[in-house]
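So the structure is just underneath, and the comments pick up after that.
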Amino acid sequence: MNALAATNRNFKLAARLLGLDSKLEKSLIIPFREIKVECTIPKDDGTLASFVGFRVQHDNARGPMKGGIRYHPEVDPDEVNALAQLMTWKTAVANIPYGGAKGGIGCDPGELSVSELERLTRVFTQKIHDLIGIHTDVPAPDMGTGPQTMAWILDEYSKFHGYSPAVVTGKPIDLGGSLGRDAATGQGVLFATEALLNEHGKTISAQRFVIQGFGNVGAWAAQLISEQGGKIVAISDVTGAIKNSKGIDIPSLLKHAKEHKGVKGFHGGDPIDPKSILVEDCDILIPAALGGVINRENANDIKAKFIIEAANHPTDPEADEILSKKGVVILPDIYANSGGVTVSYFEWVQNIQGFMWDEKKVNSELKNYMTKGFKDVKEMCKTHDCDLRMGAFTLGVNRVARATVLRGWEA
């Protein structure tokens with residue numbers, strides 16, 4: 001099941017549990033606006049190249065729309081729609097005053113020079129500058145983009161609207177980016193895991209972890225969990241996978257991964273087949289890479305008691321059913337990986353106030369939001385007698401539905 005089908009399915013189940021009427025249900029799922037633009041740039045060799053840029057703005061009942069911009073050769077409109085919708089529910093679960101959006105450009109960033117990427121970003125911004133804005137739609141980095149991309153968008157947007165640091169988040173610190181933003185999703189995963197384990201009378205330090213993915217989220221999660229005394233027994237990334245039942249030395253692995261562009265060849269563990277990473281023996285499994293990795297083929301073989309979804313949509317609905325029958329507790333992506341967007345919100349707040357926080361304040365505020373978020377999700381689980389995924393979805397959908405009705409927007 002693709003991301004859009006799974007998101008729609010979860011939304012419909014949540015709407016049914018909440019008893020929403022069909023008109024309201026329909027108005028909540030239809031995107032507010034879909035934008036598609038042609039971006040033509042001169043390449044370094046003087047030839048012209050055209051790319052398609054787009055932005056799906058899903059919902060703005062609770063505030064300006066928020067979501068990433070990705071540069072990827074296969075930008076699938078269905079997936080972007082699903083991710084925009086997911087951002088609507090995710091910001092509502094986190095209880096930050098945003099709606100959802102997502103966008104990007106169909107290009108291969110690896111094939112373009114830095115100056116070509118800059119020209120492409122600026123042309124895209126020129127085409128959409130009057131459709132985004134501090135109180136309208138606030139982009140952020142995603143696959144294939146980063147702080148430098150945000151700096152170019154900020155600069156191009158500011159030519160039309162005056163200096164506006166709050167128009168994008170995930171910026172370089174020198175242009176109003178927030179301290180703690182780089183670690184935010186991984187830090188949120190740590191706080192979410194602590195909240196869940198606390199509920200079960202456990203702590204991080206006594207648990208064995210397996211992490212799939214060693215990019216920004218996986219690497220930060222690994223570092224922070226090991227600092228709290230958690231034992232990480234296996235890790236994989238695109239280059240390979242390693243295992244050490246005594247616990248992997250994370251600082252050494254981070255150094256190795258930086259020097260060798262991945263975990264492959266690290267001597268502090270035995271190499272294993274990356275395909276087997278999800279079924280390794282552990283207490284807590286953290287998928288922090290791609291979507292759809294836990295499916296009916298491998299769900300029966302998973303040995304973890306808890307799954308923390310640091311990636312977007314890593315578990316198929318079929319696997320969900322198999323795992324819940326086995327008694328595995330899944331902390332859903334819509335809550336577990338919301339640390340990134342929460343600290344993006346803090347960045348936006350700091351820019352609007354013109355007053356920057358220190359890292360300690362960023363992390364303590366993030367902990368408050370993640371802890372409160374878990375309590376709110378558990379409350380919905382009790383009310384509707386459902387699992388954590390449906391608890392999170394009903395929480396998010398209910399908040400958006402209430403805002404929609406209060407604003408007099410229901411059909």
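Cβ from N, Cα, C; glycine included.
Quick look at what TrEMBL lists:
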type	residues	note
BINDING	K66, K90, S344	substrate binding site
ACT_SITE	K102	active site, proton donor
SITE	D142	site 'Important for catalysis'
BINDING	T185, N216	NAD(+) binding site
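Annotated features taken from TrEMBL, shown on the structure.
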residue : record                    : Cβ contacts under 8 Å, 6 or more apart
K66     : substrate binding site    : M87, T91, Y98, G99, G100, A101, D137, V138, A140, T169, V341, S344, Y345
K90     : substrate binding site    : G100, I334, Y335, S338, V341, G396
K102    : active site, proton donor : R55, V56, H58, G67, G68, R70, V80, N81, L83, A84, M87, D142
T185    : NAD(+) binding site       : N216, V217, W220, A310, N337, G339, G340
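Neighbouring residues of the recorded substrate site, listed in sequence order and excluding K66, K90, S344, comprise G67, M87, T91, A94, I96, Y98, G100, A140, S338, G340, V341, T342, Y345 (Cβ within 8 Å of the Cβ centroid). When Cβ atoms from all protein chains are considered, those within 10 Å of D142 (site 'Important for catalysis') total 19, not counting its own. Binding-site extent for substrate: residues K66, K90, S344, maximum pairwise Cα distance 13 Å (rounded to the nearest whole number).
Within 10 Å of the Cβ of N216 (NAD(+) binding site) there are 17 other Cβ atoms, across all protein chains. Here the Cβ of S344 (substrate binding site) has 28 other Cβ atoms within 10 Å, regardless of which shown protein chain they belong to.
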